[in-house]
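Listed in Swiss-Prot:
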- ASP57: active site (ACT_SITE)
- LYS26, GLY27, GLY28, VAL29, GLY30, LYS31, THR32, THR33, GLU241, ASN268: ATP binding site (BINDING)
- CYS281, CYS284: Zn(2+) binding site (BINDING)
Amino acid sequence: MDLTVEPNLKSLITSSTHKWIFVGGKGGVGKTTSSCSIAIQMALAQPHKKFLLISTDPAHNLSDAFGEKFDKDARKVTGMDNLSCMEIDPSAALKDMNDMAVSSAGENGNDDLGGLLQGGALADLTGSIPGIDEALSFMEVMKHIKKQEQGDGESFDTVIFDTAPTGHTLRFLQLPTTLSKLLDKFSEITGRLGPMLNSMMGSGNVDIAGKLNELKANVETIKEQFTDPDLTTFVCVCISEFLSLYETERLIQELISYDMDVNSIIVNQLLFAEFDQEHNCKRCQSRWKMQKKYLDQIDELYEDFHVVKMPLCAGEIRGLNNLKKFSQFLFKEYDPVADNTVIYELEEKN
């Protein structure tokens with residue numbers, strides 16, 4: 001029986017069970033291009049389903065990649081009926097939180113608190129907290145789950161995350177466990193001080209314990225889903241260089257410690273110089289020799305992974321048409337001989 005793992009993402013692209021797909025790795029290795037490519041291929045392969053691509057990276061690139069503006073509200077990609085994008089903007093989300101807090105304080109008769117928050121005090125305070133970007137991204141996941149449970153608003157079959165560089169992503173993935181422990185402590189405190197805390201919130205009879213229990217239930221749901229390999233997977237993105245390979249291994253070990261499924265690696269920016277005599281040069285040959293050395297290590301280390309080898313293109317991979325051309329090699333692996341002309345056929349984008 002042949003146990004060779006296919007060097008493509010066909011099984012993921014055609015998956016009918018996955019709800020959450022994370023795409024991450026070291027900065028500058030092509031995470032955004034890879035996440036856009038996965039989202040496009042899934043949307044093309046499963047036209048009856050809806051897909052959402054979310055950027056959790058503070059330096060948002062989805063708008064640049066597609067050549068159209070996205071913001072904190074999901075909006076369809078022009079030319080794709082079943083693919084939407086959104087970029088989580090921490091400053092806008094914090095302003096919304098502050099406005100909601102002001103409104104809530106006013107409704108509950110707590111004018112002093114409302115006056116304090118009116119100047120954006122909550123946004124200023126929370127904006128300076130380390131990891132606030134990851135927390136806001138996590139809130140979007142919770143909102144999405146709530147919508148699905150309640151059948152409220154537009155829901156999506158699969159959410160693909162274009163994540164921030166490795167450190168931010170690991171903090172994001174730790175949030176379910178961290179929040180779960182934190183909420184346990186809060187529940188303990190509210191059990192003892194509930195009536196006093198409720199009186200401090202004003203006359204609105206806010207059930208703090210009830211809200212905490214509801215939040216904890218949502219967090220536990222996410223925790224369960226993130227550790228279910230049928231529902232969630234992580235796709236690592238790297239280039240064939242020492243530092244990128246080292247960070248990819250560190251990332252994979254961390255993901256395994258979180259019980260998260262990871263079995264795919266996209267290796268970007270490969271030259272395949274020996275197959276391209278027309279555009280060959282000494283620098284390309286030297287670079288390709290170095291790339292091959294680390295590719296061999298990747299193949300040896302991750303023989304049970306889907307290792308997808310993607311070519312370095314002659315132009316920028318921007319705009320839907322260029323992304324479609326590039327992304328086809330996730331579904332059917334790139335052939336340096338047969339597909340060589342494709343990497344020189346990208347449209348120029350202003």
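A Cβ is built for glycine as well, from the same backbone N, Cα and C atoms used for every other residue.
On the structure: features taken from Swiss-Prot.
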residue : record              : DSSP (3 states)
LYS26   : ATP binding site    : coil
THR32   : ATP binding site    : helix
ASP57   : active site         : coil
GLU241  : ATP binding site    : coil
CYS281  : Zn(2+) binding site : coil
Cα-Cα distance maximum in Å, computed over every pair in LYS26, GLY27, GLY28, VAL29, GLY30, LYS31, THR32, THR33, GLU241, ASN268 that the record assigns to ATP:
19
Nonlocal residues around ASP57 (active site), in sequence order (Cβ under 8 Å, 6 or more apart)
LYS31, THR32, ASP162, THR163, ALA164, PRO165, HIS168
Among GLY28, GLY30, which are binding-site residues, the residue with the most C-beta atoms within 10 angstroms of its C-beta
GLY30
How many other Cβ atoms are found within 10 Å of the Cβ atom of CYS281 (Zn(2+) binding site), counting all protein chains shown?
10
Cα of CYS281 (Zn(2+) binding site) to Cα of GLU241 (ATP binding site), in Å and rounded, measures 20
Under 8 Å Cβ to Cβ from LYS26 (ATP binding site), same chain, six or more residues apart: give me those in sequence order, or none if nothing qualifies.
PRO165, THR166, CYS238, LEU243, SER244, GLU247, THR248
Ten-angstrom check, please: count other Cβ atoms within 10 Å of the Cβ of GLU241 (ATP binding site), all chains counted.
16
